[in-house]
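What TrEMBL says about this protein:
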REGION    52-92  region 'Disordered'
COMPBIAS  74-92  compositional bias 'Basic and acidic residues'
DOMAIN    90-152  domain 'Tudor'
REGION    128-266  region 'Disordered'
COMPBIAS  132-153  compositional bias 'Basic and acidic residues'
COMPBIAS  155-164  compositional bias 'Pro residues'
COMPBIAS  210-219  compositional bias 'Basic and acidic residues'
COMPBIAS  225-237  compositional bias 'Low complexity'
Amino acid sequence: MPSLAALQAELAEAQENLDTCIETIKLGMEDEETVAMKDQFAEEVASLKTQIAAKKATAADVPPPPPPPSGDNALEHSAAHETTDTTRADFKVGDHVQAKYSADKQWYPATVVSKTGSSADPVYTVSFTGYNEKENKRKFEVRPADKKRKAEAPPDVPVPPKPSSPVRNGNVISAAASIDASLVQKKEPSKVSDGPTRMAPAPKKLKGNKQLEKSKSSWKDWQSAGPKKSAGAAALKKMGKESQFRTPDLPNAKVGFTGSGKPMSKDVARTRFNYSADDAAED
């Protein structure tokens, strides 16, 4: 069934179409199709109005839900609900109890450190087992330590029934299932320190982890391949090879074959001119 808002939207659209048909008839453009559409929209408007009225009447008959408690009243309401038909024990300093942790509202084993307040409304200072945190708790936030363990008592291991003799009925053999008691999962007995423990914190995600992995991969690739050779080293290695275009020494030799080129000529040694030798020749 459509909602009240959807019915109101359909009513507005049908009323607009009905007004358009009425204005068209007033302008003198009356024909059979316009009159038929006017009657159809009028019936639709009347039907939608009836549905909206019934919807509003149904909604008025349903009483509104009571408002939820807010703030401290909600905590007191939940505490009163937990303590219904139960008697809170009076704890002393040094008693092992279970207290509700303020962060996650879960029960954890603790020890009563001090007790203040009146006997009707005591305030306990508890220290959580395994932690150095201390918190002040009201009487509805502390309960006996054995209450949780009774709820978590290990279930009794079912004793396997004795196998009955199979009853043969034609081709069907019916017998009880045999269960190996040694394979049944066993649970350790409850201990004093048993109780819910806090979950390990989720590992923190470091920023730039992808960039770090990329740098490590590049460094490993460089170590495996070694440093790249420079262009100068490649040129020197290439110059050490013999050229096929070397000029030959023989007059009938051809150019273009390995070993047919002319070796490089040596530079002429430079010497100082000796004037004394020229003077001796003239004498």
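Keep in mind that glycine also has a Cβ here, set from the backbone N, Cα and C atoms.
Automated prediction, rather than curation, is the source of TrEMBL annotations.
Looking only at the domain 'Tudor' (90-152), the predicted model's pLDDT averages out at 83. For the compositional bias 'Basic and acidic residues' (210-219), no residue of the chain approaches it from at least six positions outside its boundaries, judged by C-beta separation under 8 angstroms.
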